[in-house]
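Asks: Structure provided below as structure tokens; questions to follow.
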Amino acid sequence: MSILPVIFLSIFFYSSFVQTFNAPECIDKGQYFASFMELENEPVILPCPQINTLSSGYNILDILWEKRGADNDRIIPIDNGSNMLILNPTQSDSGIYICITTNETYCDMMSLNLTIVSVSESNIDLISYPQIVNERSTGEMVCPNINAFIASNVNADIIWSGHRRLRNKRLKQRTPGIITIEDVRKNDAGYYTCVLEYIYGGKTYNVTRIVKLEVRDKIIPSTMQLPDGIVTSIGSNLTIACRVSLRPPTTDADVFWISNGMYYEEDDGDGNGRISVANKIYMTDKRRVITSRLNINPVKEEDATTFTCMAFTIPSISKTVTVSIT
């Protein structure tokens, strides 16, 4: 045996030993907080979740995908590995998928849970995306979870179906994937289907999403009663009442007062007890009423200013009273 092959073998084994010895230990970052439930026989794209959490100085040399306990021949890395694609998934493709990012000195991994389900009435609540609008408002319904499919084709054609209300002129698709609903009605609620075409390898695949639209009661704006101005005198005991009326579905509000950059809340005096707030809550005529009383005792010259009653709710409201001293 010549000495040359021995030298090459020695170099090969030494190089392999050094690479193995220097390979960084891979940090397991656990499972991604969101699970993915996708339809059978339709393309699935999963993101590598830890990429967006890596520091800007981290130089990724390699992104690897694997399925725990199975072969990886169904996985197609796309977008330079930052996403993985399965073109025609079956229920056997359900499981845990792992994204591994590495460079010369660092390695980490994170897993995602994928469940593939069939389209059936019994599964519709599992695979639908809930969205909420309010009655008598202008709302929007969005074709969900499609960004990865339209990243290279923002003008992708998206077709809506599945609900008779789509023929109503109040429902208009102004932007691909977004339906604007004018003057929302209760019977707009239900299931809507949006389908987009995804092209890969010269072939076209349908990507289907089902939206479960819920229509909640009309939000009736809260009302506030507060006088525009009050006249008082130095040394007197002054109480200013602010009355906030709420209608369902709005049932609660945080009511407080503001004056000259100072906040006054219930059980929170100005330090010497001269200015205090007391709130009382009661029900009347299907309304929840909060009466907030600002008490100033005794009145001083510095109180000749404005006091704003603020109700922090949806939407928030406020009103200002001017105190004058004679």
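Every residue, even glycine, has its Cβ placed from backbone N, Cα and C.
As annotated in Swiss-Prot:
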type     : residues      : note
SIGNAL   : 1-18          : signal peptide
DOMAIN   : 24-115        : domain 'Ig-like 1'
DISULFID : Cys48-Cys99   : disulfide bond
CARBOHYD : Asn80         : N-linked glycosylation site
CARBOHYD : Asn103        : N-linked glycosylation site
CARBOHYD : Asn113        : N-linked glycosylation site
DOMAIN   : 122-212       : domain 'Ig-like 2'
DISULFID : Cys143-Cys194 : disulfide bond
CARBOHYD : Asn206        : N-linked glycosylation site
DOMAIN   : 221-322       : domain 'Ig-like 3'
CARBOHYD : Asn237        : N-linked glycosylation site
DISULFID : Cys242-Cys309 : disulfide bond
Asks: DSSP three-state call for Asn80 (N-linked glycosylation site): helix, strand or coil?
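Replies: Helix, per DSSP.
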Asks: Tell me, which recorded positions from Cys48, Cys99, Cys143, Asn237, Cys309 are within 10 Å of Asn206 (N-linked glycosylation site) if we use the C-alpha atoms?
Replies: none
Asks: Helix, strand, coil residue numbers for the domain 'Ig-like 3' (221-322) per DSSP?
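Replies: Across the domain 'Ig-like 3' (221-322), DSSP assigns the residues as follows: 3 helix, 60 strand, 39 coil.
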Asks: Between Asn103 (N-linked glycosylation site) and Asn80 (N-linked glycosylation site), what C-alpha distance do you get in Å?
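Replies: Checking the Cα atoms of Asn103 (N-linked glycosylation site) and Asn80 (N-linked glycosylation site) gives a distance of 15 Å.
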Asks: Provide the three-state secondary structure of Cys48 (disulfide bond) computed with DSSP.
Replies: coil
Asks: Could you check which of the recorded positions Cys99, Asn113, Cys242, Cys309 is the closest Cα neighbour of Cys194 (disulfide bond)?
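Replies: Looking at Cα distances from Cys194 (disulfide bond), the smallest one goes to Asn113.
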Asks: Could you tell me which three-state DSSP class Cys143 (disulfide bond) falls into?
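Replies: The residue in question, Cys143 (disulfide bond), is coil (DSSP, three-state).
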Asks: Hey, how far is Asn80 (N-linked glycosylation site) from Cys143 (disulfide bond), Cα to Cα, in Å?
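Replies: Between the alpha carbons of Asn80 (N-linked glycosylation site) and Cys143 (disulfide bond) there are 26 Å.
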Asks: What is the average pLDDT across the domain 'Ig-like 2' (122-212)?
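Replies: Overall, the domain 'Ig-like 2' (122-212) comes to a mean pLDDT of 91.
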